[in-house]
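See structure below.
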Amino acid sequence: MWLLVTLFTAIATLYFICKSFKGVMGLEIKFLALAIWGRYVLSVLNEYTFKPIVAGLSGNALFSIFIVILSIFIITNRAFKLKILLPYYLLIFISIISFFNGFNITGLINFIMKWMYFICISLLIYTALKKNGSEKVLAILLKVHTFPLLMQLLSLLLGEVKATENDGSVSVIGGYGHESAFSMISLTILLLSMLYMPFKEKKAIKFLFVSVTSLVLANYRTSLLSAIPLLVKFVFTYAKAKFNSQSRIYIYIYISLFTAVLLVIGWASIYERFVDIFDLFFGDVSLFKNIKYYSEKEILLFSARFYIWNQYIAEFLTGDFFSLLLGNGPNSWEDYFRVYAHNTFVSYLFEYGFFGLSILFYIFILNLIACFKSIPKFRFTLVLGLIGFFILNLMTMPLWNIEGNILYSILVSFSWYYQKGSVSEKN
């Protein structure tokens, strides 16, 4: 039953996506839309696509490699030579050197593939923006994201829900394997909505409200926290400025519905979901100490994240000089721990050493500077979007997921395009 629902929804959304191609210039935007749509469809079919097929690679991984290969033929060679890409190539080079410390070939292939996927998607978006302008590109990208939204709605109506791993609460994630990956899609829709606001106000606000509802239904605490910077911007700068416009009715309706939900759920439920935050600031816990002195309550705080990070860092510091500089190799965590790091920066420190972590921070700083240099109309949307993405990386690993790579690609490529002097503000 669920398989038929998925296939029918996929075909229906594909039809509407293809209809939106009329009048757009270049192959890049069309291929981009189909690539992202295909990823979302395959992720819903995770029962089949997550299984290893060749050399330990799953169907999803093979599809991503296929997208990268095709992208290389579609994107001009000149685009791959952009100076802004040099830090990413350096990061890939370090992963290759680090490989000789762990010799995990599957991990190396996955790492290179994900960063090449990010580079290709970013260049596809950037090229599409230069050929078509941001309004057309944003409209198509939002239409692509109707598939996961429809799947989430259908999963709610049909009772296809998932219990979260930690507290047993319910997540509505449209057939996805994990609420983390789906919530990154919700965050992507939120970002696209904010960028689309200057062009089609009413439509953008509708998508924004839907994205927030989607985040709440996905019920992934880290993504909810990551959405706060963009939502604060909307409330205090956009909604306030437009309070007397025709769009106010949508704001009133959504605030009323959201308030009603809060009243139904009650404060006790909110406290239960975010109890770790209360305990960290107001409870009797102390996390900055040797992990052997952690109490059971301190171990479990934030789904044991602080405990896990300390384990990774303690093990990393026991390594030799090579390991400290270049890490233990791609996917080497599997040889030391039962669970992944739940923090991008801790993971990079362990697997790619001080060099790898330094380059990753350098990349984030470069992107932040690019966001600040964007034209005023989009500057703080991009800056706050990047801050939210940084928060996401502190508590989970979005760069480990293709969904996270797509979100990051949109942030980065739009910051490239919206540089002062390189694009008209009317575009």
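Each Cβ is built from the backbone N, Cα and C atoms, and glycine gets one as well.
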Transmembrane segment per TrEMBL, picked from 26-45, 86-105, is residues 86-105
Do at least three CB pairs under 8 A connect the transmembrane segment (352-371) and the transmembrane segment (53-74), leaving out pairs fewer than 6 apart in sequence?
no
Any contact, the transmembrane segment (86-105) to the transmembrane segment (352-371), with at least 3 Cβ pairs under 8 A:
yes
Is the transmembrane segment (378-396) packed against any residues at least 6 beyond its ends, judged by a Cβ distance under 8 Å, and which are they?
180, 184, 187, 191, 194-195, 198, 222-223, 225-230, 232-233, 237, 302, 305, 342-345, 364, 367-368, 371-372, 404, 407-408, 411, 414-415, 418
Near the transmembrane segment (181-199) in space but 6 or more residues beyond its ends, with Cβ under 8 Å, are 40, 43, 134-135, 138-139, 141-142, 145, 148-149, 152, 171, 173-174, 205, 207-208, 210-212, 214-215, 218, 220, 222-224, 226-227, 230-231, 233-234, 238, 377-378, 381, 385, 388, 392, 398, 401, 403-404, 406-407, 410-411, 414
